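Novice: Before anything else, here's the structure in question.
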C-alpha cells in the first residue's frame, strides 16, 4: 500500500479570501460555547443558525472537493469504479430487452391459433435465459471491481482528509487552538470524517451505478418506443420538483443539529476530563441533565425534518405505480390501433421507465449521505482553509541561541482585550548563560514574557498574530458566549486574563486590533526574523502543569529530541541521552523501581504517575536536547520539599552556561538566581540578586518573601547529620490511579454480552413502548408498503394476460387493471409517507434518550473505568457520538426498509405458492438460498470490518484529541511533524487492515448484488418449460415470476442494510453494557450524626495499585479528631493524595479500615457519604456556564443568600460583584477567563456551599502566586475556624499548614512523624529539615 499523500499546505496568498473568512469562522465557532441550561447561545443557534453569516454554509462543492485529497492511484481507482459501475448499472437495462423478447414469445405462444411450435418456443426460451445468465456474470465482475476500487480510494482519501485537518489545526496560532475543545476535535475527526468516508466510498459507487442504471433504462425505453416512453416519464418532473424543494431545508436542519451535537460532545469531553471532581461532588445527575438539555434541543430541531423524511420514498413510489397505470392505459390504446406491434415493446418500455423511476427513490439514500457529507466536509474545511503565517526565517549561523534576549520598550495587550495593556514599555535584558528569575503578582506579565519568547505571539507593530473577527459577520458575543468577563477587567484589579499560575493566558478569540509594539531580539537579530521551528528547538521548557502523552516514559522523554539535530540518532544513542537526562532530573530513582522501567505507560495526561514524577519526566524531556535556553514555568511547584531540593540542585547544574528563565511563586527556588526581575502591572520595578532585593524593606520582592516565611522559633542545633537525602521515602505512585489495584475496590462489570440484533435493538425499542402511537403508525406503514409487492405481482400478471384478449374486452379489462395501479399508487404513497415521518421521530427520540443515558451511565462508572487507557476522554467522547449516530441511522428509515423487505418476502412467498408451487420451489428454494447465503456471509464480514474500523479510528481519535489537549507542549517540543507522522501511521494501519477484509467482503457484496439475475435466468428457463407444456398459463407464470423477483429484491434490500445493522448492533451492545448493576439501598448503614465535625481514623490501612509491586500505603495508622485541621506532608509518592482518594472512596483499601466517627466507610452509601465532604484540588475544575452555575453545581438547590455567603467565605464575592453581569458572568472552557486564584476561590466557594463536615484540600494553593495564595489561604483558615468542620490539607508549601492542629509526615506509606508545627520543629526530624529547605530567611 502506497503512502497516503496530501496536497501541500496552502500559502498565505492562495485562496486568500476564503482562508480569511474561514479563519474568522474557526475562531468564531470555537469561541467560548455557552454552558448549561437555556443559554442564549443555544437559542441563537436554534433559531438563527441558517441565516448566520459567520457560520460555515454547507455546499455540495465541498463534497467534490474531498476528492482533491486523492493521489493518482486514487483517481485511477475512482475512474475504474465509475467505468465498472456503468457496466454494472447497464446489466438490468440489457436484461429488460431480453425480458421483452421473452414476454413477446410467451404471448405469441398463447394467442389462440398461434403457429409457434413447442420446440421452437423452448429453444428461444433457453437461448434468452442463457443471455440473462451471461449478464449475471458480467454484473458480478463489474460490481466487485467497482466496490473494491471505491472502498480502497475512499479509505485512503478519508485518511488523507483526517490528516490534513489535524495538520491544519496545528498550523493555527495559539490563540485559535486555545479555543478548540478536544471534544469537538474528537467529534470531527471521527463522526464527521466517517460520514464523509461513507459518502465517498460505498454510497459514491451506489450513486454512480444508479445513474448509469437510470440512463441505460431510458435509452432502452426510447429505442423501443419514444412516445410511450414520454408518457411513462410524466412522473419524473413531479419527483424532481419534490426532491428539489426538500433538500435545502433538510440540509439547514441537519447543519443546526450538527452544531448542537458538537456542543454536547464538547461538554461530554469536559465531564470525562474532570470525572474525579464530578464524583466527589456527586454532580453526575446535574451535569447529565445539562448534557440532556443540549441533546433535547438537537432532537427538537431534528424532529422538524420528519415531514421531509416522509417524502424520502413516497414521491418515487407514487410516481412509479402511477406510471404503471398510465403507461398500460396508453399502451393498450396504441396496441389496439396498431401503432405498437408487440406486447414485448410495451413491457420493455414500462419496466424500463418503472425501474428508472423506482431507482430515483433508491438514489435518495446516497444523496442524503452526500448531503450530510457536504455539511461534515464544510466543518473540516473551515479549519483546513484557515490562513496561517509563514514561519520561516534566519537560523544558525546567522543567529544563535547563546545570546542575550532583549525587550526594548515592549507594550503588549491580548487581542481579546485590546484596551488592557499587559506589558507597558518593558525594557528587559535576559543575559546569556545566566539564570534570570521573573517574579511578581498575578497579572504582572510573567507568562506573557514567556509567550513572546516562545513566539506564541509576535510584536507586529499594531496588530497581533491572531486574526481579527469581523463582528458584522458573526452573532454578537452575547449570543455566541464569548466570555463577557473579558470586557470588564478594565475596572478590576485583576486586569489580565490569566491561566496557569495566575498568569495571563492567551486570548480565546480576536475581537479587535491590539497593542504589540516595541522590539524583541536575540543578540542583534529581531526575533520576528528568526525561523520559528529552529528558535523553539533552542528552548527547553517545563510548564507548571506538565503534559505527558499516553505513551511510555521513554518515548515521552525522547519527544524532547523532535526537531533537533539529535532526532536522527540511533536508538542506543538516544537511550544514553535519556538515561543522562533522567539522572540530571532526579527521575532515575523512581523509574528504576517501576516494573517496566522506562517502558512504563504513563496513562492519559500522565495519570498513572504522581505530580512530582510527571514534573521530573517533563524536566528530563526539556533538557535532553541540551538547549541553550531553558524556561522553567513553575517547574517545581508540584514537587515535595525533598524532591524539590534535589531537583533544584539538578536544575542549578543544568543551568550553568545556559540562558535560564525561571518563573516561580515559591521564592525559595530562585534564591540562587543570577538576577531576579520583579514585575508589577507590566513594568519592571526591581532587579537584583536575592540578597540585594531583601535589603529594600519597602520593596515588592521583600513583601513577597515575607508572605512565604515560616516560623522557625525552635532552638537551633548544629547536628544536621540526618540529611534529607538520607530519608528513605518510597517514590511510588501518589496522586492518581494506575490501570488497576488490588483489594476490594469497586470495579466495573467488565462482562460484555455481544448479543444479536433483535435482542439489543429490540430491547431499546421495547423499553420505549410508551411511543406506541408512533410504533403503530410505523407498523401500518410497513404492512402497507410490504403488501404492495404481492399486489403488484397479481395486477401485473392480469395486465399481461389482457394482451391475449381481443377487441373491446381487451380495452375494458386493460383500463380496469390500469386503474388498479392508480389505487395502488395512492396506498403506497400514504404508507411510505407515514412510515418515513414516524420512523424518523422514533429514531430521533430514542437516540436522544439513549445518548443521554449512555453518558449518564458512563460518568457513573467507577474511577477504575476511567483509569483504563482505552477509556480516555477523547475515546469516550468519540464512542458517545459514533455509537448514538449508528443506532439512529438504523432506527430511522433503514430499519423500516429492512422490515418492509421482510414483509415483502413473506407476502411474495405466499402468493407464489398459492398460484404455482412448482416454479415457486425452484425459484425460492434453489436460487434464493444463494442470495441468503451470500448475505449472511457478508454480514459476518461486515461485522468484523466494523469492529476493526471502530477500534482503529477510536485509537486515532484518542491520539488526536490528546495532542490537541496538549498543543502548547506539542508546539514547544516541535512535535507537529511527529504527531502528523504517528497519526498518519495509525490511519495507514487502518487502511491496510480494513482492505484485507474488504477484498473478501466485496466478493460477497457483488454476489448478493447480482444473484438476482441468476435467479431470473433459472426462473425463465424452468418457467418456460412449464409454459411450453401448458401446465401453467400466463397469469400463473407472471404472478409467480414477479413474486420471486420481488422476493429476491427484498432479500437484496435486507442485506444492503447489513453493514448498518452490524454497526448498530455493536453500538447498541455497548450502550446496554454501560448500564450499572443495581444495589440494594437497604444494605447500607445510615451515617452517624455529629455537630462537631467528623473523626477520621485509618486502622492498619494498606493499598497497592495493581501495576505496582510496591504498596503506596503500608499499615497506615492515623487519627484525626472531630473539628481538627490536619495536614499531610511528605515526599512525592508517599501516599498523601492516595489517602484523600481513599477517603473519597475513589478506591477502597486493600486491607485495614477507614472509620468515619467510628464506623467503616464501606458500610455507607457512597453517594450519601460523599455529601458530607468537599474536595478542592490543585487544578480547579470549572465548566462552561455562568459563575452561579459553577458554584451551585455542588448542591441540588441553593438560594442566592447561600451562594453569596459561600463566596464571602471564599473571599471571592467582591470580585464577582465587580463584574458587569455579576454571578451571571459566563465563563469560557475550563474557566480560563479567570486568573488561577480566582478559579481556585470559586472552587472553594463551591466546596463550602455544600457545608461539608469534611473539607479536603489537595495542594489547593500550590499553583498560586503569593498574592492569590494569601486570599485563598485566608478563605481556608476562615472555613476551618468554625469548629464544626474537619479539614484535611495536603501541601508541599509548608507555610500554608504551619497553623494546622496536627501535621502528619508520611513516608514509605506510613506516618513518620506527627504533631503541630512547633512540636515537630523541636524534634528536628524530617519535618524540621523540610522547613529548613523552605525557610527564605536562612
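Glycine too: its Cβ is placed from the backbone N, Cα and C atoms.
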Novice: With Swiss-Prot as the source, identify the stretch among 1-21, 22-42 annotated region 'Disordered'.
Specialist: 1-21
Novice: Of 735-757, 850-872, 919-941, which range does Swiss-Prot call transmembrane segment?
Specialist: 919-941
Novice: Pick from 230-250, 251-271, 272-292: which range has transmembrane segment per Swiss-Prot?
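Specialist: Here Swiss-Prot associates transmembrane segment with the stretch 230-250.
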Novice: Could you tell me which of the ranges 895-917, 964-986, 1079-1101, 1102-1124 is annotated in Swiss-Prot as transmembrane segment?
Specialist: 895-917
Novice: Among 688-708, 709-729, 1003-1023, indicate the range for which Swiss-Prot gives the feature transmembrane segment.
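Specialist: Spelled out, Swiss-Prot records transmembrane segment over residues 1003-1023, not the other listed ranges.
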Novice: If you look at how Swiss-Prot annotates this chain, which of 312-332, 375-395, 396-416 comes out as transmembrane segment?
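Specialist: Checked against Swiss-Prot: transmembrane segment maps to 312-332.
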Novice: Would you please say which range out of 651-671, 777-797, 1134-1154, 1155-1175 has the annotation transmembrane segment in Swiss-Prot?
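Specialist: So the range that Swiss-Prot calls transmembrane segment is 777-797.
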Novice: Is the transmembrane segment (777-797) in contact with the transmembrane segment (895-917), using at least 3 Cβ pairs under 8 Å (sequence separation of 6 or more) as the test?
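Specialist: Result for the transmembrane segment (895-917) with the transmembrane segment (777-797) is yes.
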Novice: Give the nonlocal contacts of the transmembrane segment (75-95) in its own chain as ranges (CB under 8 Å, at least six residues past its ends).
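Specialist: The answer is 67, 132, 135-136, 138-139, 141-143, 145-147, 149-150, 152-153, 204-205, 208-217, 219-220, 352, 355, 1009-1010, 1013, 1016.
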Novice: Can you tell me which parts of the same chain pack against the transmembrane segment (230-250), counting only residues 6+ beyond its ends and a CB-CB cutoff under 8 A?
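Specialist: Contacts with the transmembrane segment (230-250): 218, 221, 305, 308, 311, 315-316, 318-320, 322-323, 326-327, 330, 349-350, 353-354, 357, 360-361, 364, 367-368, 371.
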Novice: Should residue 1130 (ATP binding site) be counted as helix, strand, or coil on the basis of DSSP?
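Specialist: Note: residue 1130 (ATP binding site) is in a strand by DSSP.
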Novice: At a C-beta cut-off of under 8 Å, are there same-chain residues at least 6 beyond the transmembrane segment (816-836) that contact it? List them, or none.
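Specialist: Beyond its ends, the transmembrane segment (816-836) has Cβ neighbours at 309-315, 317-322, 324-326, 328-329, 332, 777-778, 780-785, 788, 791-792, 795, 798-799, 802, 893, 896, 900.
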Novice: Counting across all protein chains shown, how many other Cβ atoms sit within 10 Å of the Cβ of residue 1136 (ATP binding site)?
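Specialist: Neighbour count, Cβ to Cβ under the 10 Å cut-off: 28.
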Novice: For the transmembrane segment (130-150) and the transmembrane segment (1003-1023), decide whether they are in contact, meaning at least 3 CB pairs lie under 8 A, counting pairs 6 or more apart in sequence.
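Specialist: As far as Cβ distances go (cut-off 8 Å, pairs 6 or more apart), the transmembrane segment (130-150) and the transmembrane segment (1003-1023) touch.
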Novice: Can you check how the pLDDT averages out over the domain 'ABC transporter 1' (405-706)?
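Specialist: Mean pLDDT across the domain 'ABC transporter 1' (405-706) comes out at 73.
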